[in-house]
Amino acid sequence: MDSLYDISCFAAGLAGNIFALALFLSPVTTFKRILKAKSTERFDGLPYLFSLLNCLICLWYGLPWVADGRLLVATVNGTGAVFQLAYICLFIFYADSRKTRMKIIGLLVLVVCGFALVSHASVFFFDQPLRQQFVGAVSMASLISMFASPLAVMGVVIRTESVEFMPFYLSLSTFLMGASFALYGLLLRDFFIYFPNGLGLILGAMQLALYAYYSRKWRGQDSSAPYAH
């Protein structure tokens, strides 16, 4: 039974890592455009900074001295942190003005300082199990804010009756990643994992439902428009 339980936990966590990779790769198209134009144009770097902070905090939660047995949480967020940092570096390099460049650098310093504050506070002021609870609460709040960010895009879809700005594969990856890590958290009986990812699962399902409903109307209104991908 224990081996079956371990295999189930590993499978759920590994699936979550794979689906998360699709999310981390989703901005590649944007950065191909930036590289081609040699300018960030009107793209906003803030989402990548927030994503970096989220990945760093959740990475910290997955490390053994904070929450033992959560290695797959650490691997997915370590990978995510590398991707977000690469995107931010490209943003800094191709910023269309010195003011924008300095703004991104300043916010990056704040992100690093914020993570350093959380990590050091968790070590110096808390012993177990309070350390896990403290970092878990911070990471859960961060995850919920990340999962809630597509709500604005969903509002745009409803107002415009178009799914142009809500790619299907992105919504599907959010749904599958949320489902995988919600299951992973349930198997580990870890509220800080299954609760925010359960919300991500629900929001992902809502995005897919909107996509199914409005994509038909969108294609009907403009049959020549390319299918969102």
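Using N, Cα and C of the backbone, Cβ positions are placed for all residues, glycine too.
Given the structure is predicted, the values throughout are model-derived calculations rather than measurements.
Annotation comment: TrEMBL describes 12-31 (among others) as transmembrane segment.
What TrEMBL records for 43-63 (among others) is transmembrane segment. Non-local neighbours of the transmembrane segment (43-63) in the same chain are 27, 30, 34, 70-75, 77-78, 80-81, 84-85, 87-88, 91, 100, 104, 107-108, 111, 114-115, 118-119, 122, 132, 135-136, 138-139, 142-143, 145-146, 149, 192; each lies 6+ residues outside the stretch with a CB under 8 Å from one of its CB atoms.
Positions annotated as transmembrane segment by TrEMBL: 69-93 (among others).
What TrEMBL records for 105-126 (among others) is transmembrane segment. Same-chain neighbours of the transmembrane segment (105-126): 45-46, 49, 52-53, 56-57, 60, 65-66, 88, 92, 134-135, 138, counting only residues six or more beyond its ends whose CB sits under 8 Å from a CB of the stretch.
Here TrEMBL flags 138-158 (among others) as transmembrane segment.
The feature transmembrane segment is assigned by TrEMBL to 165-187 (among others). Sequence-distant neighbours of the transmembrane segment (165-187) (same chain, 6+ residues past either end, Cβ-Cβ under 8 Å): 5, 8-9, 12-13, 15-16, 19-20, 22-23, 26, 72-73, 147, 150, 153-154, 156-157, 193-195, 197-205, 207-208, 210-211, 215, 228-229.
Long-range contacts of the transmembrane segment (193-214) within its own chain (CB-CB distance under 8 A, at least 6 residues past either end) are made by residues 16, 70, 73, 140, 143-144, 147-148, 150-151, 154, 157-158, 161-163, 166, 168, 171-172, 174-186. Residues or ranges marked as transmembrane segment in TrEMBL: 193-214 (among others).
Outside the transmembrane segment (12-31), and at least 6 residues removed from its termini, the chain residues within Cβ reach (under 8 Å) are 43, 48, 72-73, 75-76, 79-80, 83-84, 87, 90, 167, 169-170, 173-174, 176-177, 180-181, 183-184, 187, 197.
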